[in-house]
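Asks: Dropping the structure in here first, questions after.
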């Protein structure tokens, strides 16, 4: 074939290929009198480039770089190629190498260079084979989509998913981030991935992939035709086809069908439009957005939108939020006169850490009076937490679209709709590295060095620094936890003294001496503790248990119970004073509820179909009538009741376990001669109590884990209107459940066990099968102590280990890829993004843990005087664990204001009142104090040793012949009678086995004691609450002084400003008058 024939055939083949493509851009080219395939419609290339940029392979990124101008118009930030970050993503690209690269890409894909005529730049005779391959690939893609559509219509249920893969080839180097940013700007980071497109606030954006834009190689017939023509590039095309086929096989294993692809594409388009409008509106508010391309991220799939707040934005929104800023240094002398101050010096922090700034008089900020405020440096005038709040305030109110005729706004809605994956403020820097001198102080490092290290467990906390970095809401939690720990020190000292008193008086107690005496306790034969399997036993076998019981059940028990009732009152009243002082120091006196807490939840708006006029804002707001929510309220109540019933059922199951294994323990210990020495300190009662308590603790943890999920789901189903309503509802559910879960077993042992047992021959049975549990002859207080110790200690150890290990492991798991490749630059926002999220309910669980511990310390403290000591040791560790995880393992939370601990204070008051009753009942019914006192004053016959004979007096006599056949022990013994713990008539009495008069005397004494103790303690509590003012007098004086000084400062400022204005106006009036006279004189001269 000659050369002209070859050219004609090549041109005909090219024309046929271009006609088969049939794309929108070919039709547009035809309308413009161009030959098919000669040019690309900008819109078509924009869409194609946008979608192809979302492919995870290298070709997709190259295609994304081509339509830069169109991508800029459609997606300002992440669409820009080049791998750098830019301050204004919509700005034009610079010329130079980038322009040449862009022109080269245009030429390679069949577009003219800039300056060429688009109508005549292409000629078929000079068509490069690369253009043929591109058109063939376009046609093949179109055919592939049509074929896929047909297959999906035939089999719509078949779905394929495409795995996310990292880009092939080396990752381009990323620019090294600066050590510190300018502190006059606050950043929020918003990250985004390819499936997710992250606000210094970082917003992480979600971008989606579309499987329908996969490439298909040219068909075999085309290659054959080219081979016949002797095309020199046919080998390259064959190799490229092989590579493409292998790549296609890899992608086809995870491709979604066309229907899901189109729906995901629509969702992605909606998300992109929301992001675009949201970021444009953010710029309109004055914020500066800096977008990090995904190629700069460690995983190659995440975009980061860094948001900076310049000075103009800060001053504007500081006025909107009513922030109080300093106008003059306070002239009120600080109250540093503390007794024994020199002794407390080792516990103090350096003054620049404890009080980084002096105290000031503050007034509400206004941008029109900036000269009034002490603005020495704009970069440090607003604290870090205040800048944090301002940026998040803007984000929470920035609109992003209109739905159903109503504006949609707020970053929370965008996070819920997966438009962005996360939004968080950045930490100041690395916690282990201090900032260099030219840069601002790294507050995160200061907090780590002076607060989050375990070696500083004995030091005070830098509350002002915590407040400046994390905000008032987190700061007040640590103030409360620190104050609670300080107050626990006094309770722990008294409890330890009571324990030492019981330890020292063990040899002198008559009860344990008589039980351990072989002539007394060794001669008392006790009735079997279970039916048939258990044998008779001697009282002196419980010698060790009686001594242990005396440690917690002695004369000091009553004193400690009354002391703890008073301590609780003092703690709550002094906390109110500490809170009032904190409100003054942190400018929270005129506090108003955070608007974020009162803002409507997106879930509430989504469920509402009706609108109602808000009488305050005079705007139509979503409204959900009561009848719509009533079914969910009923379901919520029923679920809570069912879970509480489940707790009771689990407790009954543990009781059944104790009853069933008790006989096994008893018979096993009796039959095994090797356990003879063990029985002296591990009786069947103690063994059963220990194993039952451990089992109960495991059940508590399991139930608590599942109920946390259930309660969160139920609360969401109730559709609370605001975030505050959501937290209140969740608090009520979680506290009620955990109260029953943790305390039910303790209530059972304290108030029910051994109280309804019956007597030998007529025992009460659980479900008619298991005989009710009996208390030890020394009382049930030891078992209550065991139960309380295991649950309280186990919960604290488990909680601290979980809080320390859980975020540490998760963060290591997220960072493992970055650490495997040391060449990759790991930016600070990516490091913060890989940290665990603290969440809006982070403080909720911290408060809940503290309140449950408070219940252990107060409700059952009469049975365990060492409980305050264990709580003190736990809280010392808890403070440092919380500080460590918040500083090193968690993202920086969004700062929020709070002036108190909220609803938890009311819960503490309720538990304080309940603790008086529970401790009074424990002393009366669970301990052995009241029966001893009754015997001492009414039944003792030994004037020298009044308590001698008490053990024998407290045990009743039962005739063994009166045992029913199904309960008598299988082994016959030569005993006629056995003893049991109760006050009943002997078998030779007319009313045998009926409660005697001493039982009623003891019962009357117990009831009298409860009434007297409750009234005495309540009287002292009310008296102390009346005596101690809620706000200290010196704080009231400081508040009055500050109000007076601020009014005077504002008056002087306005007066000076008025004088200045008058002076300027008078000068201008004089100049005007002089000018008029001068003009008149000139006019007169001109007329003459």
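Cβ from N, Cα, C; glycine included.
Quantities reported herein were computed from a predicted structural model and do not represent experimental measurements.
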Asks: For which of the residue intervals 538-556, 557-575, 576-594, 595-613 does TrEMBL record transmembrane segment?
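Replies: Of the candidate stretches, TrEMBL labels 557-575 as transmembrane segment.
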Asks: Looking at 444-465, 510-531, 686-707, 708-729, which stretch does TrEMBL describe as transmembrane segment?
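Replies: The listed stretch tagged transmembrane segment in TrEMBL is 686-707.
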Asks: Between the candidate ranges 823-843, 886-906, 907-927, where does TrEMBL place the transmembrane segment annotation?
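Replies: Result: 907-927 is the stretch TrEMBL calls transmembrane segment.
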Asks: Among 361-394, 395-428, 633-666, 769-802, indicate the range for which TrEMBL gives the feature transmembrane segment.
Replies: 633-666
Asks: Are there three or more C-beta pairs under 8 angstroms joining the transmembrane segment (476-504) and the transmembrane segment (907-927), sequence spacing 6 or more?
Replies: no
Asks: Do the transmembrane segment (633-666) and the transmembrane segment (476-504) come close, with at least three CB pairs under 8 A (pairs 6 or more apart in sequence)?
Replies: no
Asks: When you scan the chain for residues with a C-beta under 8 Å from the transmembrane segment (730-751), skipping those not six or more beyond its ends, what do you find?
Replies: 636, 640, 643-644, 647-648, 651, 654-655, 693, 696, 700, 703-704, 707-708, 711-712, 714-715, 780, 783-784, 787-788, 791, 795, 841, 844, 848, 851-852, 855-856, 859-860, 863, 903-904, 907, 918, 921-922, 925-926
